[in-house]
2 protein chains.
Amino acid sequence: MKEKVLAAIKEYNLIEENDNIIVGVSGGPDSMALLYSLLEVQNSIPFNVHIAHVNHGVRGDDAESDQLFVERIAKELNLPYYTKNVDMVGYGKEKGISSEEAGRELRYGFFRDILLKVGKGKIAVAHNKNDQAETLVMRFLRGTGIDGLKGMEFRVEDIIRPILGIDRREIESYIEKNKIETVLDKTNLEPIYSRNKVRLELIPYIEENFNPNIINTLWRMSNIAATDGRFLEEYSKERFNIIVKNKDKHSIILESGKFLKEHKSIQQRIIRVAIENLNGTLQGITETQINIVLRLFLALETGKEVHLSNNIVAKTRYNDLIIAKDHERDVVKYFYKLGIGETNLEGIEYSFKVRVFPKEKNLILDKSKNTRYFDFDMVKGSLGVRNRLDGDRIRPFGMKGTKKLKDYFIDEKIPKELRDRIPLIVDEENIIWVVGYRTNDLYKITENTKKILSISYN
Amino acid sequence: MKEKVLAAIKEYNLIEENDNIIVGVSGGPDSMALLYSLLEVQNSIPFNVHIAHVNHGVRGDDAESDQLFVERIAKELNLPYYTKNVDMVGYGKEKGISSEEAGRELRYGFFRDILLKVGKGKIAVAHNKNDQAETLVMRFLRGTGIDGLKGMEFRVEDIIRPILGIDRREIESYIEKNKIETVLDKTNLEPIYSRNKVRLELIPYIEENFNPNIINTLWRMSNIAATDGRFLEEYSKERFNIIVKNKDKHSIILESGKFLKEHKSIQQRIIRVAIENLNGTLQGITETQINIVLRLFLALETGKEVHLSNNIVAKTRYNDLIIAKDHERDVVKYFYKLGIGETNLEGIEYSFKVRVFPKEKNLILDKSKNTRYFDFDMVKGSLGVRNRLDGDRIRPFGMKGTKKLKDYFIDEKIPKELRDRIPLIVDEENIIWVVGYRTNDLYKITENTKKILSISYN
């Protein structure tokens, strides 16, 4: 294990001499193996190890005993130890993000704070080869491109993953051989049940029926995707720099003549680069939004604009293609994916329950106010919930054509202040339900319906 | 359905006016829906429809009654009808390919023969959106890159797939609504059981547990991958044309100075372009082989060479990187993937049976001459069978180090003529078994072995 970790450190330039390495230690086997293997590597490269542990404020006593365990280990190893108690659920509610995202933000925030105090270095986290395979499977099942299939990387800025290339089995045997104490696995911090279902059900099924070596197959796939993905990223940034005409903190202007000459694959990426340049992040920006911007830019009709998540606006003006911050708005545009099961969106104070079941004869659907039923086979792509965007249209139940959502709101006499707060259930093409109001006629249950999608809110 | 088919025809330029469209009709629902929707489209675009049916020489009476059915339909519709009886199993044996590959070759060969006779046109085949999803899942499970994830295309040269974007459900309801007669589905022509297992087990499981809309999700994924894949392909060909110094039918010479400046993603693709240019195909060329060539080209040691499948050799000479045909050899280099279950390789007159099972206490392994057992967790990537390549090394059972396979053959007194005919079971890193001779020591069963891989040959 030590040799593999050392090889990864060298190949990906993870640790430099005298770096301060903040090791995120939950106490589970992965992070303990990471910690001990880094201590072994110290014989080859001189660097400092700091132990950091976050108590996420869930799992009560268990979490406290984990915290005490990591503290004791740090003492025994005579290593600097930092710990913090956070309230990930409360923070998530406050920021309008899921508690998993909140946990991640708080955790990395804490690690970075330590790094700021102790000086130059990196944050080491304990993802392994099986985690990588699970990530790839989950992304594949939800839909992704090459950028998703590259999975996690050995290094992203100041975050390093020295044991990413090592599989769970080798970690376990390392723990066993070196008689390293650990606490139970921390999977209960993971986003709900899907990762566990992938780990415990789907991957074993694939191993048995299709590819006994799926973990390694996916590892290789992630490497291929990473190579192609890195090239596309570098190339797009190069092209972006050539195509950009003006760039400040309010807007980015691209030259349409040059933009139009690029391949569609690169055009899409240039739009992403522009948004990321302006906003620091691509979070909340979907494939669909990028394609809407692309259509706008290709049509090049002066004066048109589209509003995206995070108050970004894309517009055209003569030969300028513009991505800008939308200062007129103070409404947060949100978008969350909805999976089967219950999703609790604390940020918008709604929870949704999604079910799919076959339409059997004599089936009686419960007519509760909070539940609506749809023809499941009409759904295009995955489901999501968001608030309104410019250009939204709806085909209200019982009507033939579509109408502007804005006009629908006016007809329904919904006051302006409320309109941004009404959740819309969407698939990747249409609004299928204005929650609390009308559903989309296209998705209604008919005699041809085979499966029923039921959505409830609270 | 007609509108969607027409839209696809226009978007992908599938049919031009007065084209002769050879429609491959098995008689199953997909090909019958394709046939009837093309007849509807004839109202919008004038073209000629020809019906072609291949009897593959398997499934006896059933196949004959399908053939008679298609013949009757052609008569009723008053359309030109072509049919051919082939022996796909025998042809496969003769050519050293699997019978599925043989079937495909014979089928498309027949369609092209018709096209040659009737003049300018295309061959229309009946793959649909579900087939596409199944293809993506199968490729994902076996390992693939962006080029695999793009799936099948609406058009590749003279082959068109007008109903690729239509899902099985819509096809069925079209068949039902228009009261179109069909015969049973032709899935028994498909490569063994894995596609059926994907269709009947895995996809329904994914729909129920992860993504009810996986068919559409994968459809979108294939579109994204196709866009990126097309760009990478075009860009690599562009770069290839700049880097190529000399090109004739015996060899292709690349200029190393320019080659070294490219991104690794593009370097790999340039090697593929070169091989395809020289050989007309990339069949049999694995990811591993491309990487071996890349390492050779990057090291740039004059006089070194590596031999690839299909008698292609890659070598370096001062500043020249050379891909050439290897005229000294008349041995066919083959490579087949081995999955769990039985694989019958008629081309090399061997069949292999692969099983994986847990190592339980008191397990007694049958010591038959034709079966060997391995530590399954040692296997890297997927299994394959091939004959020897230059540079092959083996770590014979009971030995510590590795030795050249050539030396092993000499020690074992295996005559030169036989050496190319001995199948080697390989994973993506090592030879794990010289069939009929020694196994690889690395893969032996130890007390730590958890799962046993058993391979038998016949």
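Even glycines carry a Cβ here, placed using N, Cα and C.
What TrEMBL records for B:SER26, B:GLY27, B:GLY28, B:PRO29, B:ASP30, B:SER31 is ATP binding site. What TrEMBL lists as domain 'Lysidine-tRNA(Ile) synthetase C-terminal' is B:383-455.
The structure, with features from TrEMBL marked on it.
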residue: B:SER26; record: ATP binding site; CB count, 10 Å: 26
residue: B:GLY27; record: ATP binding site; CB count, 10 Å: 23
residue: B:GLY28; record: ATP binding site; CB count, 10 Å: 18
residue: B:PRO29; record: ATP binding site; CB count, 10 Å: 22
residue: B:ASP30; record: ATP binding site; CB count, 10 Å: 24
residue: B:SER31; record: ATP binding site; CB count, 10 Å: 24
Segment-level pLDDT (mean, integer) for the domain 'Lysidine-tRNA(Ile) synthetase C-terminal' (B:383-455): 87
Tally of DSSP helical, extended and coil residues in the domain 'Lysidine-tRNA(Ile) synthetase C-terminal' (B:383-455): 14 helix, 23 strand, 36 coil
